[in-house]
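What follows is a single structure, written as structure tokens, with notes after it.
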Amino acid sequence: MINKTLGIIGGTGWLGGAIARAVLAKGLVPAGNLIISNRSGNHPLAEQGARLVTDNQGLVDRSDVVIIAVRPEHFASLGIDATGKIVISLMAGITAQMIAAQTSASAIVRAMPNAAVEIGQSFTPWYCSAGVGTATKNLVQRVFECVGAAAEVQQEDFIDYLSALSGTGPAFPALLMTALARQAMLAGIPGDIAQMAAKNVVVNSSQLLANRDPQQMIDALVAYRGVTAAALQVMSQGDFEEQVGRALQAGAAVARKGLQA
Ligand SMILES: NC(=O)c1ccc[n+]([C@@H]2O[C@H](COP(=O)([O-])OP(=O)(O)OC[C@H]3O[C@@H](n4cnc5c(N)ncnc54)[C@H](OP(=O)(O)O)[C@@H]3O)[C@@H](O)[C@H]2O)c1
């Protein structure tokens, strides 16, 4: 448990709400030390003991650590003064410099969780601006370990790149699952069977990779020189990896350009 008050602006949204629930469930902060805000002023989280407010400046004033979990286009209108506070931003495409300019916070951290915060399975890379001390770094790591794995990165640009990679969470698997199911149906496999087969590949069979090296897995399966080898060979001849690279660069370019309204 940490002896700090944590405020989450946008603490009832997808990411903010999941982090709020997780820090309470893991006992990182007691409910009395958690303040969340939104514009609408109501949410079931308030029934779990967290204070729900609509006054963002009031939240900042009462918090030691402020997580900004609103969408990037809502950041400019927050108008908060966080002088002397630690601010952790989850917003894609908003630089540490912009956050410093608009909030006057003394310590700024940019973190990029993904939608799997909801099931405690996010990977959250985070970057902190110069001058952030070890105690604050430990605290940031502990907050994000409540919703999965987390690691500090040394360059802010890595956050923009990783926004397009781990930040997209289930997006790439969803695309693969959809493609597998559609192609199977086009080949005449009944829809329900196609969906079950595609789901098994993406959601269930992939669990084998949790503790195995993926390249070794590919090599082992290709070594059979059978069905899997033929399928994977077509994928790699078809520019698959370069296409993945272009997709990641396209997403990163949007993050680098900035998403502020
Ligand atoms: N979702 C993802 O997979 C993902 C991945 C990586 C990073 N991110 C980043 O995480 C941030 C949050 O995304 P999300 O998907 O969690 O968004 P979301 O579900 O739309 O949540 C945004 C929250 O902000 C609240 N809000 C909006 N304006 C506010 C204001 N002026 N004051 C206080 N609260 C306000 C909203 O509640 P009211 O409408 O009631 O005000 C809502 O609870 C974004 O900046 C995004 O770039 C998201």
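From the backbone N, Cα and C atoms, a Cβ is placed for every residue, glycine too.
Please treat TrEMBL annotations as automatic predictions, because they have not gone through curation.
These figures come from a predicted structure and were not determined experimentally.
Residues or ranges marked as domain 'Pyrroline-5-carboxylate reductase catalytic N-terminal' in TrEMBL: 6-93. Under the heading NADP(+) binding site, TrEMBL lists Ile9, Gly10, Gly11, Thr12, Gly13, Trp14, Leu15, Ala69, Val70, Arg71, Pro72. The NADPH binding site annotation in TrEMBL covers Asn56. Residues or ranges marked as domain 'Pyrroline-5-carboxylate reductase dimerisation' by TrEMBL: 156-256.
Residues in the domain 'Pyrroline-5-carboxylate reductase dimerisation' (156-256) partition by DSSP class (helix H, G, I; strand E, B; coil) as 85 helix, 0 strand, 16 coil.
Highest local Cβ density among the binding-site residues Ile9, Leu15, Asn56, Val70, Pro72 belongs to Ile9, counted as other Cβ atoms within 10 Å over all protein chains shown.
Cβ neighbours of Gly11 (NADP(+) binding site) (same chain, under 8 Å, six or more residues apart in sequence): Gly17, Ile19, Ala20, Leu34, Ile35, Ile36, Ser37, Asn38, Leu45, Ala50, Leu52, Ile67, Ala69. On its own chain, Gly13 (NADP(+) binding site) has Asn38, Ala69, Val70, Arg71 as residues at least 6 apart in sequence with a Cβ closer than 8 Å to its own Cβ. Largest Cα-Cα distance over the residues recorded as binding NADP(+), namely Ile9, Gly10, Gly11, Thr12, Gly13, Trp14, Leu15, Ala69, Val70, Arg71, Pro72, equals 16 Å. It is 17 Å from the Cα atom of Leu15 (NADP(+) binding site) to that of the residue listed as 'NADPH binding site'. Taken together, the residues in the domain 'Pyrroline-5-carboxylate reductase dimerisation' (156-256) have a mean pLDDT of 96 on the 0 to 100 scale. In the three-state DSSP classification, Ile9 (NADP(+) binding site) falls within a strand.
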